[in-house]
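Pulled from TrEMBL, these are the features on record:
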TRANSMEM  A:21-41  transmembrane segment
TRANSMEM  A:47-68  transmembrane segment
TRANSMEM  A:100-121  transmembrane segment
TRANSMEM  A:133-154  transmembrane segment
TRANSMEM  A:161-182  transmembrane segment
TRANSMEM  A:194-217  transmembrane segment
Amino acid sequence: MNGPWWATLRRELTLIWRSPADMVQPLFFFMVVVSLFPLGLSPKPELLALVAPGVVWVAALLAVMLSLDGLFRRDQESGALDQMLTAPVVSVLPVSAKLLAHWLLTGLPLALLAPLLGYMMQLPVPALATLTYSVLLGTPTLTVIGAIGAALTVGLNRGGILLALLILPLYVPVLVFGAGVVRAAVDGSPTQGLLAVLGALLALALSLGPLAVAMGLRISAGD
Amino acid sequence: MSCDSLRLTVRQLQCERDERVLFRDLAFQASAGEIWQITGANGAGKTTLLRILVGLHGFYEGEVRWHSPLAPDLLYLGHQPGVREELTARENLRFSAALNNQPGDVDAALDAVDLYGFEDVPAAHLSAGQKRRVALARLWLAPKKVWILDEPYTAIDQNGVARLDQRIRDAAGNGTLVLYTSHHRVGDDVRRLHLGAEAPA
């Protein structure tokens, strides 16, 4: 339990626990954005149910992106990132622990909140489970892809906009299939196929993503 | 002793930064048990040289070779202490010990750098010198074959300087190769590498 991977995971969880604002901010954003839609559009249940899959998914995606800018920044400023890259372990180890901690404290709470907001948006109750599954399967992919962008932009002063430009195109497949599977559930069509595609995206992100993040950090550190 | 075979060879090293040549034709050979002091004016490329040696900076020409049976078992303390302010001194040190596979008594190491009683204080409440000491405490954990220290004496008081001098000499006596940047001289037998100002390219 005291290997580099566990030590990093424990450190990351402690760090986020000590500054809870970083964790609460994306969740708050998620809730506020979704709850503004009924006010701005119209409270008609049919209309809300129609737009709900897209609204909840776009809000979740932006919430994840909002949380990414700080993923490596403070470690870079304090010099801790250099320590991780010069440690005698493959950098994928601490990086993957960091990504897991990030997902546990942003993606997972988002997935738990999603059915509540879906219900508020008049989604039929049977579709709420599918919404939760899709967010559960989709957010880890968003975390990993976003971390690649965060790793490449960590050395830049105003990396936020560049980060969005880099990763938003890569987020499109997750958004399309994530919102698509919820819409299928609303229509009563089968959802397993689309969930499987989300799972495949996740498998791809998990297998290659941490390597790419580690490489990106190395490139940023070398500059 | 196996660490006798450890050698570092640098040949014709050249590094440019922002169209400016930091150093050119830099060559030296260092081996286990030696202490190297790297000096030079501000901006002469001392930090960059150390980052090249530990593999963090890849944009250079020339050759940097570690002759050692395995990948060099090195300890790098960078310009920034690498201490996160939200964590306590003990948590910071325990993390770097685990990350660097450096077993040892964390509390004793903190004690050795005069941080007794500050173990559970979040690093945000420590002074600059104390933060540097949290990072330096790693030198008192399990030994490494190479120490690469970037300005280890920054913000350290007189008492701490003497103790750090002693620690570096002891480590070199046990076969550790120490390279550090500072204007402070650890002892008389220290080899010096001066990075001179280069003419503009």
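Cβ from N, Cα, C; glycine included.
Note: TrEMBL annotation is automatic and uncurated.
Tertiary proximity for the transmembrane segment (A:133-154) is limited to same-chain residues at least six positions away from its ends with a CB under 8 Å from its CB atoms, namely 56-57, 60-61, 64-65, 68-69, 71-73, 76, 81, 95, 98-99, 102-103, 106-108, 110-111, 114, 162-163, 166-167, 170-171, 174, 177-178, 181-182, 195, 198-199, 201-202, 205-206, 209-210, 212-217, 219-220. Ranked by Cβ pairs under 8 Å to the transmembrane segment (A:161-182), the stretches A:21-41, A:47-68, A:100-121 are led by A:47-68.
Long-range Cβ contacts of the transmembrane segment (A:100-121) within its own chain (Cβ-Cβ under 8 Å, at least 6 residues beyond either end) map to 8-9, 12-13, 16, 23, 26-27, 30-31, 34-35, 37-38, 48-49, 51-52, 55-56, 59-60, 63-64, 67, 71, 127-129, 131-132, 135-136, 139-140, 142-143, 147, 182.
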